[in-house]
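Look at TrEMBL and you will find 111-537 tagged as domain 'Ammonium transporter AmtB-like'. Under the heading region 'Disordered', TrEMBL lists 26-46. Annotated transmembrane segment per TrEMBL: 78-98, 110-132, 144-162, 204-226, 233-256, 286-308, 320-340, 352-372, 384-403, 409-427, 439-465, 485-510, in sequence order.
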Amino acid sequence: MNTKTIEARASGTSAEALIPAFPRDRRAARGAASPATRGQGRGPAYAAAKERAAAPSATRAAGPRTAAARAARRRGRAAGAGIAAAALLGAFPALAQTAAAPPAADKGDLAWLLVCAALVIFMTLPGLALFYGGLVRSKNVLSVLMQCLLVFSLVAVLWALYGYSLAFTAGNAFIGGWDRLFARGLDAGAMAATFSKGVYVPELAFFAFQGAFACITCALIVGAFAERAKFAGVLLFTVLWFTFAYTPMAHMVWFFPGPDAFASNEAVPGVLAQSGFLFAKGALDFAGGTVVHINAAVAGLVGAYMTGKRVGYGREAIKPHNLTLTMIGASILWVGWFGFNAGSALEANAVAAQAFVNTFLATAAAVLGWTAVEWIGKGKPSMLGAASGAVAGLVAITPAAGFVGLCGALAIGAIAGAACVWGVNGLKRLLGADDALDVFGVHGVGGIVGALLTGVFAAPALGGAGIWDYVTETALPDYSIAAQVWIQLQGVLVTVALSGGVALIAFLIVKYTVGLRVSEDAEREGLDITSHGESAYET
């Protein structure tokens, strides 16, 4: 997922190219190498790779791997982040060449990506808003709906002005540049490549899809300090955190020059030098386990500490006012998440189908996992628990959706469901923060579990896709679970450090400018009336 102006080199010929790159799926090249194979069903990863390697291709590098490349791969594997394993991850979009005639977009891929972008928007409005709205008390429901709506709208504008450019254009290993500042160059003629060499969609579709990701990430945070935060403070925090935490994380995890840049083994070091920091290390994040969920959860936890506990927290019963709304919201999130995860393939192909089914199964397994643990521990299963379990499963499968097999998805979902029960109970008590809507307990714990287990279940021996080699267009024969889990852990730690640090500074700025928290009287009366002059339920 990224946009970058680079000097593209393919088949020994140089051309000025605009390439939005975004590395999430190592299998994606299998899905659409040519019109003859795109969208058709294929067998296991190795079988598909073998067919692809044997098929004629204008962009596939000829010749076997060199001894130098094999040695480099061995050195990198020993270090946990070698040249081949890091560079040969799945690739994301690349902008069309402007010096030559632009390629034609595949209409099916374009339609799929637009539908998925709409589904991700639907996740926030109304999905997340209703999910959060049902969890707060009746006197605060409009305040949460308003925060979701305004944060979404604010980030959408910031995304067009500079966010997209900082996330998905060339810069350095940590942040992008200004090639798309004020949406410069984003028009109907700009094209973005998908995971597959030579397959393109209009860049505007990619821009919208990624913008929806940025919007929901920032909206997720507000649940942690719901029912007591100043509305102006929420908006100011959003601007600061989006700018200095979200865009760098998106760049570090998802940016690289695109699949066509892997023209030969000799090109690999140069591609890595232009890529995001965590991408170059080899971190796997198909749809945002680190960029979206851990990122937002850590910021929310910091916000819960900084704003302090709600009046009466721990002494008075603070219960959800409408679990029906929460159930509706969770259901909308589940449906929308198919666009979130399956759309991250950027093509209507077998990888999208894999991500779709994995999302379906992992979520169901998480509902069962959460319900079982709660039933055993408390004697009764709850609607709130089942809905929370669904979200936990959706979160956990996000980084793994296109990398793992069906049984891997079931395992990830079940483990995440059980782990998040502890996250919203035992861990929450240990942390001592009033995370009002359990943003960290679900998105933080679920995201960390999913990110680490991606390194486990992506192993071919466990039904996963392994590591895709874009030079030879085959899956690498060697996969070390321990090495990949270590890389995944590094991604988690970087996310926690960056998001936590930026959030702390941002909340301090808010505290000493517009203020973090409403008065005690305003909080007792409810934010619907005191902040917005309205009530959700007129009597």
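Just so you know, glycine gets a Cβ as well, placed from its N, Cα and C.
Just so you know, TrEMBL annotations are computer predictions that nobody has curated.
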Same-chain residues near the transmembrane segment (110-132), Cβ under 8 Å, at least 6 residues beyond its ends: 144-145, 148-149, 152, 201-202, 205-206, 208-209, 211-213, 215-216, 219-220, 222-223, 226, 325-326, 328-330, 332-333, 335-340, 342-343, 346-348, 352, 387, 391, 437
Range from 144-162, 204-226, 409-427, 439-465, 485-510 with most C-beta pairs under 8 A to the transmembrane segment (286-308): 439-465
Same-chain residues at least 6 beyond the ends of the transmembrane segment (485-510) whose Cβ lies under 8 Å from its Cβ atoms: 80-81, 233, 236-237, 240-241, 244-245, 248-249, 252-253, 277-278, 281-285, 290-291, 294-296, 298-299, 301-303, 306-307, 448, 451-452, 454-456, 516
Proximity of the transmembrane segment (320-340) to the transmembrane segment (233-256), 3+ C-beta pairs under 8 angstroms: no
The transmembrane segment (352-372) in contact with the transmembrane segment (204-226), cutoff 8 A, at least 3 CB pairs, sep 6+: no
Contact call for the transmembrane segment (204-226) against the transmembrane segment (439-465), three or more Cβ pairs under 8 Å: yes
Winner by Cβ pairs under 8 Å against the transmembrane segment (384-403), considering only 144-162, 233-256, 409-427, 439-465: 439-465
Remote residues contacting the transmembrane segment (409-427) - C-beta distance under 8 A, at least 6 residues beyond either end: 357-359, 361-374, 377, 385, 388-389, 392-393, 395-397, 400-401, 438, 440-442, 444-446, 449-450, 453-454, 457
Sequence-remote partners of the transmembrane segment (144-162) [C-beta within less than 8 Å, at least six residues beyond its ends]: 124-125, 128-129, 132-133, 136, 178, 181-183, 207, 210-211, 214-216, 218-219, 222-223, 226-227, 229, 231, 234-235, 238-239, 242-243, 531-532
Spatial neighbours of the transmembrane segment (439-465) far in sequence, C-beta under 8 Å, 6+ residues away: 26-27, 45-46, 220-221, 223-224, 284-286, 289-290, 292-294, 296-298, 300-301, 304, 388, 391-393, 395-400, 402-409, 411-412, 415-416, 419-420, 422-425, 427-428, 431, 433, 475, 479, 481, 484-489, 491-492
Model confidence over the domain 'Ammonium transporter AmtB-like' (111-537) (mean pLDDT, whole number): 96
